[in-house]
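If you look up TrEMBL, you'll see 6-25, 37-58, 64-89, 101-120, 140-162, 174-196, 202-226 marked as transmembrane segment. The domain 'DNA binding HTH' annotation in TrEMBL covers 251-290.
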């Protein structure tokens, strides 16, 4: 690898480390979801650190650099199961402990196979990246990763569409959005590798993981609604047409705040008022003022939503 490439990739990896540390230190560990998220974030951080050290040590000690690349690969075997565990935690899976033991147990077995040289034969350094050379059971490790990815999507999609609990459906939607870039990167790299190309995720995967962790941080800390709302307000202001007065702009923003709060609370006005930190009576007046159809924001009936909340609590 060229020294210039090592410098750029090393800086990129270092930025990833700093961003993930910032995310990790901002997690509020108050629930099982937060605990699962911390595991995912820690594994991604370990992956980034090993990547940085691989670039940093390549010129003075190539063998040491290879060792860090192997550590990088081994973290992958645990990252995708940890994302699946996070998804299972989001949907309140009853057999979560058994799932953790099974998934991390299989990841440990693949790690042992990797250390024995059955998964990766060696590492090939190219101009701007490092590529692993597959060994006899490389396919098994890739199948394990793919199964975890597909299982994660299956859990999230089925619960987004069919779960009776509105909060769980919302969590799954957010997780799907966050996980999509990682899924896309993983699939493209595998397809290119199978097609015979020297494909690497040295730049694309860190970007995808930072996006994933940032979105999940907002959800874990309960800030996803406000982040989404601010983005939608910004986009609505930028795309306004034929608006001449400040009152019209502020009116549009207020209406958007109300509709987004209703959407986030399944059309339940009391919960929407709590989100917006206003009295329910004030919200009712504003709903009447802007002629907002509350029922259109109810994906399930209010009675079913209340019943599902009671069952969960």
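Keep in mind that glycine also has a Cβ here, set from the backbone N, Cα and C atoms.
Automatic prediction, not curation, is the source of TrEMBL annotations.
140-162 is the stretch from 37-58, 64-89, 140-162 with the greatest number of Cβ pairs below 8 Å to the transmembrane segment (174-196). Across the domain 'DNA binding HTH' (251-290), DSSP classifies residues as 32 helix, 0 strand, 8 coil. Among residues of the same chain six or more beyond the transmembrane segment (64-89), those with a C-beta under 8 A of the stretch's C-beta atoms are 32-33, 35-37, 39-40, 43-44, 46-47, 50-51, 53-55, 57-58, 96, 99-100, 103-104, 106-107, 110-111, 114-115, 119-120, 122-123, 130, 132, 141, 144-145, 148-149, 151-152, 155-156, 172, 175, 179, 182, 216. For the domain 'DNA binding HTH' (251-290), the mean pLDDT of the prediction comes to 80.
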